[in-house]
Amino acid sequence: MAGGGIPIGGGNKEYPGNLTPFVTITCIVAAMGGLIFGYDIGISGGVTSMDPFLKKFFPAVYRKKNKDKSTNQYCQYDSQTLTMFTSSLYLAALLSSLVASTITRRFGRKLSMLFGGLLFLVGALINGFANHVWMLIVGRILLGFGIGFANQPVPLYLSEMAPYKYRGALNIGFQLSITIGILVANVLNYFFAKIKGGWGWRLSLGGAMVPALIITIGSLVLPDTPNSMIERGDRDGAKAQLKRIRGIEDVDEEFNDLVAASEASMQVENPWRNLLQRKYRPQLTMAVLIPFFQQFTGINVIMFYAPVLFNSIGFKDDASLMSAVITGVVNVVATCVSIYGVDKWGRRALFLEGGAQMLICQVAVAAAIGAKFGTSGNPGNLPEWYAIVVVLFICIYVAGFAWSWGPLGWLVPSEIFPLEIRSAAQSVNVSVNMLFTFLVAQVFLIMLCHMKFGLFLFFAFFVLVMSIYVFFLLPETKGIPIEEMDRVWKSHPFWSRFVEHGDHGNGVEMGKGAPKNV
């Protein structure tokens, strides 16, 4: 197998331009699209640990948790209906991300963001006023449609707007918004759970309207990316936009490369079918395996079910919600580390360090829980120091994810696709992410019940596999213009065999191929 890392070949282009206040503010607003995803991840685990919510919608789980003291701690939340409440969102997001690809390509990135915000807003309203389980599920499905529409264009938008030297930091703003959404949701859950009358869960679920309004309004005021404007035929507007976001007049070289990429893109009749061509094998492989690996780090076991998990390992309700807040703070702070370092240290270094850190922590947590709970799931009196040690290792694990596989799982796929397959490939990326998010969410409580502490070892195995994969097969993409990314595949010792070295810079041979359908 080929060795890890690639040399960056000679003749690298260095487009002039600055990190202007305009592009910085624009990317911050766009990155807030991650708030809806993060808020939902954080809020769902919190409300499913609130007794009034369980008593109203999932009485069987409530009885197992509070009245049947003989129930194995590992299995107290094992309910297919409860799991469907959480995971139905991600199946809907998978489907909507495929539709979003066509809208993003033909009508621009902004329209998909607008649809995402509106659908999420309606879903939040239905969930906040829900009186039956079916209303919860319908609301979750609409939330999922919103997330699918938002997650598809936002990373692309950020990668296309950002100067290539700062692309990593600005793109990770999306992941930072996800972590902020998770943290805000955890804090709100903590306080809403204390409301007398037991209706705080309605505020938790209905509060999703706030991030939905942010992305909806933001999509209306954001400018289009030059790449998208060229793709839709507005070259004059695209050049003026490029001058504005780069803060200089001399943008001819970058603009000409964007036009060349667009002209090549127009030759592609069917971007979905073109994804299967041999020369796109590296990008397609990354679009599938990176989101697959991201979900099998086990992070969503922590983020979806942090309060449930902490409750299951001996924390009381208030303590479990507070522990989720602590992991949320760690998540935000560690993501800021990635923003600082991704364009300095590179993507591979963060991937590998984060993988090693997560692997060690997962083994440590499995050993700690296994030693105290065994296979019976009944720990007796759990010493406070012991619980603190478990939370500490989980926090170190969350930090490792937050500066590696969390942000880079969105950044790397969004920057490696040539324009002619970019929307379709990003939809594959989001769809695979949502598919395995759905599967992990759907089977986690069953796996926790049957695998017990071994569940952490299960995910630790995948972290080991994905770290080996990164070492050998993921090239470094730091500091390479987005429309020049083909260089990393041509000079990689393994992937170069799939790339046609005579191709145009974006992977399409000029002068060949059918005209694009209108």
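Our numbering is plain: 1 for the first residue shown, then up by one each step along the chain.
Including glycine, each Cβ sits where the backbone N, Cα and C put it.
As the structure is a computational prediction, the values presented were derived from the model and not from experiment.
The transmembrane segment feature in TrEMBL is assigned to 19-39, 87-104, 111-130, 136-158, 170-193, 199-222, 284-308, 320-342, 349-373, 385-406, 427-447, 453-474. Per TrEMBL, domain 'Major facilitator superfamily (MFS) profile' is recorded for 26-478.
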With pairs 6 or more apart in sequence, are the transmembrane segment (199-222) and the transmembrane segment (111-130) linked by at least 3 Cβ pairs under 8 Å? yes
Have the transmembrane segment (170-193) and the transmembrane segment (427-447) got at least three CB pairs under 8 Å, pairs 6 or more apart in sequence? no
Who are the chain neighbours of the transmembrane segment (136-158) in space, where the CB to CB distance is under 8 Å and they lie at least 6 residues beyond its ends? 27, 30-31, 33-34, 36-37, 40, 57, 84-86, 88-101, 103-104, 109-110, 112-113, 115-127, 130, 167, 170-171, 173-174, 205, 208, 212, 215, 222, 225, 410-411, 413-414, 422-423, 426-427, 430, 433-434
Do at least three C-beta pairs under 8 angstroms join the transmembrane segment (427-447) to the transmembrane segment (19-39), pairs 6 or more apart in sequence? no
At a Cβ cut-off of 8 Å, and with pairs 6 or more apart in sequence only, do we get at least 3 pairs between the transmembrane segment (111-130) and the transmembrane segment (19-39), yes or no? yes
Near the transmembrane segment (320-342) in space but 6 or more residues beyond its ends, with Cβ under 8 Å, are 42, 45-46, 49, 168-169, 172-173, 175-176, 179-180, 182-183, 185-187, 189-190, 193, 302-303, 306-311, 350, 391, 394-395, 398-404, 406-408, 411, 478
Calculate the per-residue pLDDT averaged over the domain 'Major facilitator superfamily (MFS) profile' (26-478) and state the result as an integer. 85
